[in-house]
Amino acid sequence: MKLRKVKGLNGTIAIPGDKSISHRAVMFGSLAKGTTHITNFLSGADCLATIDCFRAMGVEIEQDGTEVIVHGNGLHGLKKPEKQLDVGNSGTTTRLISGILSGQDFDVTLSGDESLNKRPMGRIMKPLSTMGADIQSVNGDGCAPLKIIGKPLKAVHYDSPVASAQVKSAVLLAGLYADGKTSVTEPALSRNHTELMLQSFGVQVSSQGTTAEVTPPAEMTAADIVVPGDISSAAFFIAAGLVTPDSCITLKQVGINPTRNGILKVCEAMGADLVLSNVKDDSGEPTADITVKTSNLKGTEVGGDLIPALIDEIPVIALMAAFAQGETVIRDAAELKVKESNRIDLTVDNLVKMGVDAEATEDGMIIRGGNPLKGASIHCRYDHRIAMTFSIAGINADGETVIEDAECVDVSYPTFYEQLQMLSGQ
Ligand code: S3P
């Protein structure tokens, strides 16, 4: 993908469905009795991998673009797949499904692409093993491929060392099959979509502070799920509208769940012209339209308990910092090293390539903003969020920017380039 400066971004777009919520809707619909209708499903590669996994375990799932109908098999209705499950590039599929598979009465192996098979799985293997699951890393390196032999599970309380919704969810989903109440305490509150959506499927879940507890149900009941727009996808156009001269963009129906909306707080601290309207809160997952206009941003500090609420947005926040006056310090974000790529190193390397004064630290990065950006050839290591971050950089840089492997945006945002072009009036 080749990009050059644009004359401004203007217009209104609908943001595709939330990736985290789309995964969960398919998973929980598969485990429920009855028919689950999903509207505004994210038809990106990651969520399609989740659909394929559950189809391979005997669940009938109809998909027509963003509309999905899941004919659930009930809590104990999954069947042993004929082959190993392919989880593609998706960490969410891998970790959440591992919790579910731990409690089945069959064994299964799951494996993903090169990047996925390098990501740490010890973080779920440990608590799931404590519950009685037999879960092994096939190559003994703590990564996928994982072989999971379903077992009867014991209820536990798990004190997680990481604020990770994937870890929390893996344990809570295994807890659906345990012999009592299972709870997880995390060091800071991560996204709570699992807790909220399990309740919609009739499961008793309670949350207090950073602890969530699930009571194993006899059955789950089907639900209708309307997936809000993904704030992690909206983030690229929030940043684009703020840093591109002569811009005004409205993003419709974006999810603003407080466990996800850290970027809005950072925008406020940076002095962004950002307005929420049409705020709705009907399903426990609040949404709003977000309007952003070109702004003079100032540097800020990002860290502490806010990190889990914006973990996927840090590369694009770093880009906003490159356009801000003064210094931005991002800390407490070592988790970024084990995402689809090492996002600390890759973000900083690519920023520096474009002429930004940026440096990596142990747990984040420091960006001194204000230098003009120059076009560069960007390597994303097939990381969708790096590709989109540096595409927004490219339309604000002198000269040409080339994004290698740009097709990786399909993982979470297949219509990204189409919408970018539409907003730039080209
Ligand atoms: C996700 C949780 C986050 C996030 C990922 C999606 C989820 O990962 O980075 O993109 O859907 O639960 P961690 O929970 O590992 O931080």
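Quick reminder: no glycine exception, Cβ is built from N, Cα and C everywhere.
Whatever TrEMBL says is automated annotation, not expert-curated.
These features come from TrEMBL:
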- ASP312: active site, proton acceptor (ACT_SITE)
- LYS19, GLY91, ARG119, GLN166, ARG343, ARG385: phosphoenolpyruvate binding site (BINDING)
- LYS19, SER20, ARG24, SER164, GLN166, ASP312, LYS339: 3-phosphoshikimate binding site (BINDING)
- 4-420: domain 'Enolpyruvate transferase' (DOMAIN)
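Positions of the features from TrEMBL, shown on the structure.
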{"residue": "LYS19", "record": "phosphoenolpyruvate binding site", "DSSP (3 states)": "helix"}
{"residue": "ARG24", "record": "3-phosphoshikimate binding site", "DSSP (3 states)": "helix"}
{"residue": "GLY91", "record": "phosphoenolpyruvate binding site", "DSSP (3 states)": "helix"}
{"residue": "ARG119", "record": "phosphoenolpyruvate binding site", "DSSP (3 states)": "coil"}
{"residue": "SER164", "record": "3-phosphoshikimate binding site", "DSSP (3 states)": "coil"}
{"residue": "ASP312", "record": "active site, proton acceptor", "DSSP (3 states)": "helix"}
{"residue": "LYS339", "record": "3-phosphoshikimate binding site", "DSSP (3 states)": "coil"}
{"residue": "ARG385", "record": "phosphoenolpyruvate binding site", "DSSP (3 states)": "helix"}
For 3-phosphoshikimate: widest Cα to Cα gap among LYS19, SER20, ARG24, SER164, GLN166, ASP312, LYS339 in Å: 19
SER20 (3-phosphoshikimate binding site) and GLN166 (phosphoenolpyruvate binding site), distance between Cα atoms, whole Å: 10
The residue listed as 'active site, proton acceptor' versus ARG343 (phosphoenolpyruvate binding site) - Cα distance in angstrom: 9
Integer average pLDDT (0 to 100) for the domain 'Enolpyruvate transferase' (4-420): 97
Entries of SER20, GLN166, ARG385 (binding-site residues) sitting next to ligand 1, with Cβ under 6 Å as the cut-off: SER20, GLN166
From recorded positions SER20, ASP312, LYS339, the one whose Cα lies nearest ARG119 (phosphoenolpyruvate binding site): LYS339
Among SER20, ARG24, SER164, ASP312, LYS339, which are recorded as recorded positions, the nearest neighbour of ARG385 (phosphoenolpyruvate binding site) by Cα: ASP312
